[in-house]
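K.L.:
So Swiss-Prot lists the following for this protein:
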type: BINDING; residues: G31, L32, S33, G34, G35, L36, D37, S38, T132, K161, S183; note: ATP binding site
type: BINDING; residues: D37, E137; note: Mg(2+) binding site
type: BINDING; residues: R112; note: deamido-NAD(+) binding site
Amino acid sequence: MQKDYQKLIVYLCDFLEKEVQKKGFKKVVYGLSGGLDSAVVGVLCQKVFKENAHALLMPSSASMPENKTDALSLCKKFSISYTEYSIAPYDAIFGSHFKDASLTRKGNFCARLRMAFLYDYSLKSDSLVIGTSNKSERMLGYGTLFGDLACAINPIGELFKTEVYELARRLNIPKKILNKPPSADLFVGQSDEKDLGYPYSVIDPLLKDIEALFKNKPIDTETLTQLGYDEILVKNITSRIQKNAFKLELPTIAQKFNPK
């Protein structure tokens, strides 16, 4: 069913206002990378909280300079308050101590550094941390646990990446941000498509069918291939979903021990 994106904007703004108020906060903070998802969240937060919304720009030593430029341009266009904290000195220390660390380890370390900066700012300013992960990323587990997935509330967590693009157009996000390849900007040359093997335009229809057909049920790959999806695509995507499902769950806590 086609979404009414203007109504969606009103709904998400209402969600942000009510949930932040419900948790006893007046101010919010979020990470702004220069990418699409954080730009959308930033503009939504600015609409609702105005001067009580604040963005943190946290480039690493591997961040592309144009991403910072795009983030600053967004801040200027929408009058977004921001602070820049470079995490480059800290990821350099990690690199010097763990010279054999894989790109994934380095990327996860940077994501968790950013989380630490966000929550430190949250405490200092009495602000609530707002998440920027979309539904495609969440279903695929394409994020860092206690890193970029960490937040108090997330306005776009139920929107697939292709839907975030449509929402961004309605919010007048700059075309430079809209048109660049999605990337977590965790290491040089990284892109979502390289990591996932497919563009979101291919992945999202499959994710939508998986959610519609197999919610709270085991995924039947044969059913999906019968719908016309490529067998390798189905195998790769379902494998990711199953392997990373734990990232969407709260920690499992042992029940209270009652000796008989």
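Yeah, the Cβs are placed from backbone N, Cα and C, and that goes for glycine too.
Keep in mind that this is a model prediction, so the values were computed, not measured.
Surface or core, plus neighbours and distances: that's what I need for these features.
P.N.:
Mapped onto three states, the DSSP output places G31 (ATP binding site) in strand.
For D37 (ATP binding site), the same-chain residues 6+ apart in sequence whose C-beta sits under 8 angstroms from its C-beta are T132, S133, N134, I156, K161, V164.
Every protein chain considered, the tally of other Cβ atoms within 10 Å of the Cβ of R112 (deamido-NAD(+) binding site) stands at 16.
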K.L.:
Cα-Cα separation of E137 (Mg(2+) binding site) and R112 (deamido-NAD(+) binding site), in Å?
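P.N.:
Answer for this pair: 17 Å between alpha carbons.
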K.L.:
Cα-Cα separation of R112 (deamido-NAD(+) binding site) and G31 (ATP binding site), in Å?
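P.N.:
With the alpha carbons as reference points, the distance is 12 Å.
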